[in-house]
Structure formats: structure tokens, C-alpha cells
Amino acid sequence: MSQSTKQVIAVVPAAGIGSRMGAERPKQYLQLNEQCILGHTLDCLLTHPQISTVIVALNPSDEYFAQLPQASNAKLVTVIGGGERADSVLAALKLADEHSWVLVHDAARPCLSHHDIDKLIASDSMFPQGAILGSPVRDTMKRTEVNGEISDTVCREQLWHALTPQYFPVRELKNNLSAALVEGALITDEASAMQWAGIKPGIVRGRADNIKVTHPDDLQLASLFLDNLNRQV
Ligand SMILES: Nc1ccn([C@@H]2O[C@H](COP(=O)(O)OP(=O)(O)OP(=O)(O)O)[C@@H](O)[C@H]2O)c(=O)n1
Ligand SMILES: C[C@](O)(CO)[C@H](O)COP(=O)(O)O
């Protein structure tokens, strides 16, 4: 099968409550330009020609998703998420075809481009163990004591922001994520679970504007990025 026809699954963890955003609703349902954040994210994934199915993990008390126009898309499946992001991802993986590869992408990252998805899917020839999108750190990085005083400068050579999507074989990711969670490992992204199992995922450089909307001041930035994003490139 050629790279350009390979079909993959997308998993979207969307069961968070957005506590750092502090809004009146979970942040994935906040309006961003012409629709909510999750709507933008789903539009990107549902329109990519190599994504056959999108599995969305929802909060058990979600009262917004059913109103989204994307909710009736035939490619879309929902599942109830868990207490942490990793639990939500695992719940979705349990519905995924074990013979496929999966792109796990945060609901809270609406500024994803098809070009970055293409690059990540194509990376499995270079990184058959899987890979993630990343953005190189630009600034000098400091670590501080709890009181805010700088304790040291972190070398920024080969230092990256881990983004999403994160791209792995379903079976290996599901097994390693499940085992890592049983062992109580701290898993904040899919690569962490693969690393826990001794695997070294690759990093593929992605757009720095693929930001995770986390705090209130991220909304204006995401709005500007979306206005300038030609989704199909
Ligand atoms: N139990 C959880 C927690 C988070 N997420 C999802 O994981 C993504 C990244 O998590 P984050 O940015 O931390 O979102 P929240 O957990 O909602 O934010 P906060 O930590 O501020 O509460 C989000 O799309 C969020 O909806 C999830 O599916 N299940
Ligand atoms: C998966 C992730 O977006 C990669 O940077 C990040 O780890 C999510 O962290 P969060 O605390 O769940 O937002």
C-alpha cells in the first residue's frame, strides 16, 4: 500500500474540563472564530483523506457534543473518557482496529494542518516505532526553585515541545499505555508510554502554531493562527 493511500485511525481525547482555562464550559466547547475549538479540530481530522475513523473520548457529563454538526459524521465514533488524558486515550484505543496505526490528537489543538498530518503519517518509514509532531525550543530555558528563583539553565540543544498528533501502531500503543498505567507511571503523552516500554519514538518537526489552547490568553493567539491557516496545506 502506498503512503498516500494508507488509512489510519484518529483518537481525540476531549473529556477534559479545562480547569486552567476557568471558563463557564469545558474549553473544547469555547467559541473560536466561526465554531467551537473541538469543531475546528474535528473538521481537520474528518476531512483528511487518510483518516478512516475518528474516535472521540467524551466526559461522562458532556452536554455539548451532541449539538455539534460534526457529531453526525459517519466517520465519527464516541467513547466515554477517563479521569486523566491517558485514561481517555486508552478507552478510545480499545475501540480501534489493532492492525491499524493511530494518530492521537488533543481536542484542544484546533490549528492542525493536513500537511503536518501528511508528514507524520509518512514518517513511519523513518520511524517504524512511531513518532510525534514537535517544535524545537526557541528560548533559553530556565528551571526554578518553588520560590521562583532560577536554579539552572536547561540546555536547549535537541530540546523540543511535544505536540500532537502522536502516531503509533494501535496494538503496541494500547498494550504499553495499559501496562504503564497499571504500574502507576506518569503518562502525559503517548510517547511517554512507548518510552516507558523502552521504545524511542521519533520527532517530526511540525508547525509551531499547532498550539494547545490551555489558558485564556491562548484563545486570541489560536484565533489569529486559525485565520492564517490554510488547512489543506
Ligand atoms: N481526563 C481527561 C483530561 C484531558 N483530556 C483531553 O486531553 C487534552 C489535553 O489535555 P488538557 O489541555 O490538560 O485539557 P484539560 O484537562 O481539559 O485542561 P486542564 O488540565 O486545564 O483541566 C484535551 O483535549 C482534554 O480534553 C481528556 O480527554 N480526558
Ligand atoms: C499531549 C500533550 O499535548 C503533548 O504536549 C500534553 O502532554 C498534554 O498535557 P496536558 O497537561 O494533558 O494538557
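Every residue gets a Cβ built from N, Cα and C, even glycine.
Because TrEMBL annotations are produced automatically, they should be read as predictions rather than curated entries.
Taken from TrEMBL, the feature site 'Transition state stabilizer' applies to Arg20 (among others). DSSP assigns Arg20 (site 'Transition state stabilizer') to coil, not to a helix or a strand.
DSSP classifies Lys27 (site 'Transition state stabilizer') as helix under the three-state reduction. According to TrEMBL, the feature site 'Transition state stabilizer' maps to Lys27 (among others).
Cβ neighbour count for Arg156 (site 'Positions MEP for the nucleophilic attack'): 13 (other Cβ atoms within 10 Å of its Cβ, all protein chains included). In the three-state DSSP reading, Arg156 (site 'Positions MEP for the nucleophilic attack') counts as coil. The site 'Positions MEP for the nucleophilic attack' feature in TrEMBL is assigned to Arg156 (among others).
Under the heading site 'Positions MEP for the nucleophilic attack', TrEMBL lists Lys212 (among others). Summarising the environment of Lys212 (site 'Positions MEP for the nucleophilic attack'), the number of other Cβ atoms within 10 Å of its Cβ, over all protein chains shown, is 17. Lys212 (site 'Positions MEP for the nucleophilic attack') falls outside any helix or strand according to DSSP and counts as coil.
Of the listed recorded sites Arg20, Lys27, the Cβ environment within 10 Å is emptiest of other Cβ atoms at Arg20. When Cα-Cα distances from Arg156 (site 'Positions MEP for the nucleophilic attack') are compared across the recorded sites Arg20, Lys27, Lys212, the shortest belongs to Lys212.
Among the recorded sites listed (Arg20, Arg156, Lys212), Arg20, Lys212 have a CB atom closer than 6 Å to some atom of ligand 1, in sequence order.
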